[in-house]
Amino acid sequence: MARKKIALIGGGQIGGVLAQLAALRELGDVVMFDIVEGLPQGKMLDIAEVGSVDGFDCNLKGTNSYEDIKGADVVIVTAGLPRKPGMSRDDLIEVNSKIMTSVAEGIKANAPNAFVIVISNPLDAMVTLCQKITGFPYNRVIGQAGVLDSARFKTFIAWELGVSVKDVNAMTLGGHGDDMVPLVRYASVNGIPVMELLEKKYKDKAKAKEVMEAMVKRTRGAGGEVVALLKTGSAFYSPASSAIQMAESILKDQKRVLPTCAHLNGEFGVKGFYVGVPCVLGENGVEQILEFELDAEEQAMMDKSVAAVKELVGSMK
């Protein structure tokens, strides 16, 4: 049985972590593309040389030629400028649109059968542009946002309640921006509603609501919080881990239910746009979109988030 092949477009901070994680999990052979000569070659050589230490055996290659991504089963795109303090994800749209156009053309020409996972910001616009230029079916072009946003939400809940993050279940919907929708009603710890636990902890419904609202606000601004602390870039460990989870579900046909930036065709009342929703990811990419009823408050937040996505995508044309 032939090994799977993962292509990484972009040799920056996220690309380096992606390569290391893909190797550690032995998801397949990995090739990293970047336009800077020597950068992907150096990073991949560095990772390859610890195969005997970390216990992995796969072929790792750095390249400046798109031809080397031929035969890739999954392509993960991180190429683009990162945020700097004070910038929103949307501020990157003009420059990163040009980069994404070039990247998508390279993928289309050299890896026409690949599944594509986009990480580049502004995410909702970049995944839309990537699909448009490649012309790939919608189920094969997706964006990573919700896995990370949900993971951040889970982390803050675990810290607040003093429980293992492994036992927290929570999810965000909508766009990857300030209007994302953390679903408070569905957040739980081993099936116990988080709001119930907060009310028990504080013995005050108003206080519990206030604490939850603070966690929701922090989740929405979590990426910016990292940017402000780093000062010279944006998050890279967490986006890479999140994208690898998505890639692994596709490569191993795991059927994981993961919040994914997927193209909607009427689900959640949205048609013709990429928005974060729970999806089943398997060997066919997006195999199902799990639709469920939102209450009035959730629907209003979702509508606001989708409106922001539409405005963002519209500004790209």
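Sequential numbering from 1, following the chain as shown.
Glycine residues also receive a Cβ, built from the backbone N, Cα and C atoms like all the rest.
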Site-mate of R83, R89, R152 for substrate in Swiss-Prot, selected among N121, N190, N265: N121
Given Swiss-Prot lists G10, G11, G12, Q13, I14, G15, N96, I119, S120, N121 for NAD(+), the same-site residue among D34, D68, D73: D34
Other residues, Cβ within 8 Å of R83, R89, N121, R152 Cβ centroid (substrate site): S88, P122, L123, H176, G177, G223, G224, V227, S234, A235
Integer Å distance between the CA atoms belonging to N121 (NAD(+) binding site) and R83 (substrate binding site): 8
Among R89, R152, H176, which are recorded as recorded positions, the nearest neighbour of D34 (NAD(+) binding site) by Cα: R89
All-chain count of other Cβ atoms within 10 Å of G10 (NAD(+) binding site): 24
